[in-house]
Amino acid sequence: MTSIPTYTVDTQDLVSQYATLSSIYASATEALLTVSKKYETVSLLRQLDMLSVSEEYLNNEYIYATATESSVRASAASVIAEATAYFQDYQDDLSVYGMTPSYGGNMALAIVMEFAGYVGRTVSAKDPVLVDPFLDQIISLTLAPAFIMGGIYYMLAKLCSIFGEGHSKLKPMSYAKIFIICDLVSIIIQAVGGGMAASAAANYENADTGTHIMVAGLAFQVASMTLFLYFWFDMCYSIYKVYRTSENPDDEFNDEFKDIRQRPMFNTFPVAITLSTLFVYVRCIYRVAELSEGWRGHLITEEIYFLILDSLMMCLAIVIMLIYFPGFVFGKDSHIPVKGFRLSRKKKEETPQPDGDKLLTDNNEQSATDKDSV
């Protein structure tokens, strides 16, 4: 028979930590009855949720350290793993600025690439035969829109959770996964085509093959954005019908995020996403038409088209999404999970204040004492 591995832990320290968490939980519960501001309520609810999961974690860590039956220890280990995943999801979803790291990173990369691309284009205008500035502006200005759209895709996943999955044809994270993969495929195709075109140009050879591959990559990006717009407008129409036909629209949506839907900037946030997406969409269509004519076509040699249909479109898209930054729209204290992970809990009647002898009444009973998510 396989022996159970030893688990070294200071059980008295666990007892002390558990008692401290229980005391904080009780204080937060009392404070919840006195607050009047919505953001304070949301913050306290999040704190209570985290405290409850933390207590579960410590409770099952104690069980794992002291139990002798393999099944009990396995059950406790499973809850510990779930709690650990919850903490990781919680940290990944928020930062000190109240934003999702993926969104902030995408916007920062998009802005840096746009700036680098315009620098390369300015240098190329002075000396068109230089290869490096040419590659700089082609690569940077090609990649930037994909990062902006990556952030927007993730925002759609957030909105699905806020309004409820019943108003969307896909699961929240499906949008981010499907369309980010599409953007990656588009980027790879464009990178291959751009590399071939640049290499051919440097060797004074025909660059048509590379150019055609680049056009195919851009066309694929336009097609994926068209599909995204279909899903986006479908969800917007579903939400619009609720507001138009229901006397109490909020009753039809996810009640967990009612406070977020009542924030001042939230009502116009879908409009901001629509406009930003359409601006990037126009830019991508322009690039398809531009490169379809080749490197000496009318669109690519007339700067006014580039300034309006590329530079202006990207500038407007970035400015709008900076104004409607998630931390401003949802609130810095908001927590909008898109994976739907929650530890299941039974209804909690009262908060126990355990001591060293009563942390667990029976180590060989069920591995987790569930708590209600307040």
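Note that the numbers count up from 1, one per residue, in the order the chain is shown.
The backbone N, Cα and C atoms fix where each Cβ goes, glycine too.
All TrEMBL annotations are machine predictions without curation.
According to TrEMBL, the protein carries these features:
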COMPBIAS  347-360  compositional bias 'Basic and acidic residues'
REGION    345-374  region 'Disordered'
TRANSMEM  138-157  transmembrane segment
TRANSMEM  178-201  transmembrane segment
TRANSMEM  213-233  transmembrane segment
TRANSMEM  268-289  transmembrane segment
TRANSMEM  304-325  transmembrane segment
* **Positions on the same chain near the transmembrane segment (138-157), where near means CB under 8 A and six or more residues out** => 100, 102-103, 106-107, 109-110, 113-114, 116-118, 120-121, 172-176, 179-180, 183-184, 186-187, 190-191, 194, 198, 214, 221, 225, 228, 231-232, 235, 273, 276-277, 280, 283-284, 287, 310, 314, 317-318, 321, 326, 338
* For the transmembrane segment (178-201), what are the same-chain contacts with Cβ under 8 Å, counting residues 6+ beyond its ends? -> 131, 134-135, 138-139, 142-143, 146, 149-150, 153, 170, 207, 209-218, 220-221, 224, 227-228, 295
* Report, as numbers and ranges, which residues of the same chain sit near the transmembrane segment (268-289): CB under 8 Å and 6 or more residues beyond its ends. => 142, 145, 148-149, 152, 155-156, 159, 215, 218-219, 221-222, 225-226, 228-229, 232, 236, 239, 299, 305, 309-310, 313-314, 316-317, 320-321, 323-324, 329
